[in-house]
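Colleague: My questions will all concern the structure given below.
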Amino acid sequence: MFLKNSPVVAASFVLSSSVLGLCANGFILYNVLVKKVFGKAFGRIWISRGIAYIVLCSFFALYLAPTTIIDADFLFTTSGRRLLYAMVFIGNTVLGHTLLVAINRCVIITLPLRYKNIFSLQCTNIHITLAWIICALANIPSMMHPCHPTILESDQPFVFGKPECGLLVNVLEITVPTVIMGVTVVVDLFTLYKIGDVLKIRDKLTNPVGSRRHSKQREVRLCCMILTQVIFGVFVYFTVTIGNFIEQEFIQFLATTFMWSTAQLVDAVIVILFVREMNSDVRHRLSSTLSKPIPWEGHIVKQVRRTTKTFTQFCALEHLMFLRNVPIVAAALILIAGVLGIVVNAFVLYAVLVKKVFGRVFGRIWISRGVAYIVLCSMFIFYLAPAIAIDTDFLFSTWGRRILHISMFFCNVVLAHTLLIAINRCVIITLPLRYKRIFSPLCTYAFIALSWIVCAACMAPSIIDPCHPTIIESEDSLIFGRPECGLFVNIVDISLPTVNMGATVIVDIFSIFKVRDIVRVRQKLSERKIVRRRCQGSEAKLCAMILVQVVVAIFVYFTITFGTYIENEFLQFLATTFTWCMAQFLDGLIVVIFIQEINSGMRHRLSSTISTITTIRNVSSSSSFNKKKAAENGVQKR
């Protein structure tokens, strides 16, 4: 099986698709909850469906992907199969809500006068409750006695039952999703047929040309969305069913497990593309994020700055052969990266401490984060580089591994402070009147202390008994667990940075959604054009900084993740360890470049230095020219 033979690649595919699906469905749920895109009654179906989708994507990201890496055999134990059947239950619930959405569209087109009676608020709540109850009842036998094949068991297709499971379990596991999907396809096709009749009737009515054309465009868009959903649903069903008969392991994995995890993302993308109220907002955000940013004033500008999300925990793979064969070169590269990182982050810390760039309360988070960054870079300079050059074997001793786990502790502290900065910006955008209460001096100190305490508590077992792979063991990757370390240590070392980064991404996406709402409000206000232009320029730099941070973070993540598969020793070292060391430098450099309060003094010094050098050159050139001319005049006089 591909899951057991290549667990890292399989987990990477599942994790990527699930995170993207979580973001896309979270975006839809936000529009339904906050902006009331689908109304009140119909919106409740979408809210329940969105919650089921988010829970299912969370199962993929937080259970299936980590378990595949840590212990793939656990997936086929009794407890592991029960969790997989819980995922099947959530998937059937999503299909049930998809059927409800199809019936709702069909009723509003075929029976518009009875729509409010059939789908009143009370009836809609009953329909939603029945969808959850029926799917739960159909899945209870499999949860109690998980003997039926799951989608992950490619050796035996899940559409084939097992005699020992009993007739009821075999029939329910196959017929429930098949019947729901089949009825949904039939209802959608009938809806398409009725839409054609509605368009014919509208053509016969004497409506204005403009409204008729607008109605046709709206109905054609609805037909395209329904047809796309039908085609994709049938494609996924037959691909997952027939994919188990493919002999090639990787293609079989793509056609079954990966297709199941990707279906959530594609379904949400179809809705976003065809629902005008959603995609118009996305297009406006993309076009106006840089051209019409939010004009923040005064100290608020200092509160919303944050640096890039570093992927420090996952970028710790180093090739042992290169370290042992060429230790001086490896140590020199690590030393250079550590020195650059400590210089840049010390400069940022100096600006926060002396120049009070980020204010007093918000600056405390940056001070604590800067201290963690400087300690981490110092460990590169004073421990990792000398140990590689002097005695590489010490890195794999008990105390050497403990020091490496301490460096991983500081990595997690940096990620936790990055999450704090993201939450700070989100609060000041969404809840500006409560910002001073949530991030008061006392609360800010408590958040900072909790960041250090939680990370220390999670990393304490690994520091006491350093059996989990460290950041320089390429043969045993950091994302691989060891049975002797215990399930708790293996899960904590992987889930702690993952949860921090995932929460940071979600908070950032939510903050970006709220940005557009504030822009719309400010567009309605009668402000002076000079102030607006000045604020737009300031926020354009902030948006550009966030964009660069995202690009660099994605580059670092994928480079380090797939760099371990490079055969060349030196290139593997550059793509993993050196990239991890340089991430600290790039993080600080982005902040220095885009934050005007920090780089203004540097730009002034550079400009004055350049002007001084230019003046000296002009004076020296003019003096040499005068001396040459005087010499020529003396020769002529003689």
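One is the number of the first residue shown, and numbering goes on along the chain from there.
Cβ from N, Cα, C; glycine included.
Annotations for this protein, taken from TrEMBL, read as follows:
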- 24-271: domain 'G-protein coupled receptors family 1 profile' (DOMAIN)
- 344-562: domain 'G-protein coupled receptors family 1 profile' (DOMAIN)
- 12-34: transmembrane segment (TRANSMEM)
- 84-107: transmembrane segment (TRANSMEM)
- 119-140: transmembrane segment (TRANSMEM)
- 174-193: transmembrane segment (TRANSMEM)
- 220-238: transmembrane segment (TRANSMEM)
- 250-275: transmembrane segment (TRANSMEM)
- 328-353: transmembrane segment (TRANSMEM)
- 373-396: transmembrane segment (TRANSMEM)
- 408-433: transmembrane segment (TRANSMEM)
- 445-464: transmembrane segment (TRANSMEM)
- 542-566: transmembrane segment (TRANSMEM)
- 572-595: transmembrane segment (TRANSMEM)
Colleague: Residues sitting near the transmembrane segment (119-140): Cβ under 8 Å, six or more positions beyond its termini, same chain?
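Modeller: Cβ under 8 Å, 6 or more out: 40-42, 44-45, 48, 85, 88-89, 92-93, 96-97, 99-100, 104, 107-108, 172, 176.
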Colleague: Mean pLDDT over the domain 'G-protein coupled receptors family 1 profile' (344-562): what is the value?
Modeller: 78
Colleague: Using a Cβ cut-off of under 8 Å, list the residues of the same chain at least 6 residues beyond the transmembrane segment (328-353) that approach it.
Modeller: 322, 363, 366-367, 370-371, 373-374, 376-378, 380-381, 384-386, 388-389, 573-574, 577-578, 581-582, 584-585, 587-589, 591-592, 597-598
Colleague: Hey, which bits of the same chain come close to the transmembrane segment (445-464), Cβ under 8 Å, at least six residues off its ends?
Modeller: 364-365, 368, 402, 405-406, 408-409, 412-413, 416-417, 420, 439, 486, 488-489, 492-493, 496
Colleague: Which of 84-107, 250-275, 373-396 shares the most C-beta pairs under 8 angstroms with the transmembrane segment (220-238)?
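Modeller: Comparing 84-107, 250-275, 373-396 against the transmembrane segment (220-238), the winner is 250-275.
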